[in-house]
Amino acid sequence: MMRLKLPNGVTTSEQTRYLASVIRKYGKDGCADVTTRQNWQIRGVVLPDVPEILRGLAEVGLTSLQSGMDNVRNPVGNPLAGIDPDEIVDTRPYTNLLSQFITANSRGNPAFTNLPRKWNVCVVGSHDLYEHPHINDLAYLPAMKDGRFGFNLLVGGFFSPKRCAEAVPLDAWVSADGVLPACKAILEAYRDLGTRGNRQKTRMMWLIDELGIEGFRSEVVRRMPDQELERESSEDLIQKRWERRDCFGVHPQKQEGLSYVGLHIPVGRVRADDMDELARLADIYGSGELRLTVEQNVIIPNIEDSKIEALLGERLLKDRFSPEPPLLMKGLVACTGNEFCGQAIIETKARAMKVTEEVQRFVSVSKPVRMHWTGCPNTCGQVQVADVGFMGCMARDENGKVCEGADVYVGGRVGSKSHLGELYRKSVPCKDLVPLVVDILVKQFGAVPREREEVEED
């Protein structure tokens, strides 16, 4: 697997075609996944091909540098940056700056290549909080202060097998010009002081717990230019009562006469031909640009309104990547699973689709229910923020035989009222998940059994 740096999830048709050409040669193992960090992962790559692939990435303006291990992962931003009529700020300049700083413009930045553990950052630009700030190590939240635009800072959000924690306020505000200095100071404090022993206790929140939030803040201040860091602003620009929108279907942009179309990529998995087709559609109907979302979907921006009908008639949208998926499919997310990942305990992507399809046969819902699947306790599928989450484990069936199963979580939320879901039931055999999910949807999410729905219609 090769992971990229794709700040803000923005990519081009040329880049997409190149990635398609890379995975095509690897047959059934050659595929790509849209990840929960607005990124591409390409799969099937064999080691002797890597030098040539890296050269090709550079030629199309991509890099894989510092994208894995104990590094800063892909900077996340608003997938509708620059095109949403309701956006607070265009996050692209900030996520690009962060990525350039962290990788020294793709040359490599040794100052931040050996952190105690991986580290996630996002810049919020929407009231919808598409960026999931509460589960990032550092999140920038737009806020005004004394007539100046800038960001309040959250720190410490993370998932791990032993512990999951939401980010907490650093009681700090930085101007737009202070985004990089603050990131540098926080990274240096983590790099210099973070624990490097037990890898289950090396994420940044453990350091914050050890020092206390004020102690950690003091260490950050010491590393800031002029040793100054303003206190948090009360003028938060994010509307707390905002109803979170999904990005599927056709939506008008802030640019008159242009729209974007959100496409559902089932559990984020694409093949080479899919990528070529997405690139073709971006060129013909848009501006040659594609956007990836943390929900593992794709947006085609900058489409002239006169071309929308023709785009919606394209076979790819009719057969594969619908702009209007079923409600239970809209929020379906799945990690790689044991098909490709050595740490995953169970297969996730095909199973997530199969279970959801079967559940749809038994119940109907009136609004989307976000269901996330992860193959192991590392929770790359972010099950704790889902309405219903499934974490892979080994279970025992009714005969006591060991089988693939899942720990089921319920009640996670994203947005301004975000909180982590709680364990609902442990070690459920995968074959028993459908009736359990049906029961959860009826009792907690207002789902209606299909047979009752049919009777009521009669």
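Cβ from N, Cα, C; glycine included.
What TrEMBL lists as domain 'Nitrite/Sulfite reductase ferredoxin-like' is 1-60, 251-312. Under the heading domain 'Nitrite/sulphite reductase 4Fe-4S', TrEMBL lists 69-225, 332-441.
Highest Cβ pair count under 8 Å relative to the domain 'Nitrite/Sulfite reductase ferredoxin-like' (251-312), across stretches 1-60, 69-225, 332-441: 1-60. Regional average pLDDT for the domain 'Nitrite/Sulfite reductase ferredoxin-like' (1-60) in the model is 97. Look at the domain 'Nitrite/Sulfite reductase ferredoxin-like' (1-60): DSSP puts its residues at 31 helix, 14 strand, 15 coil.
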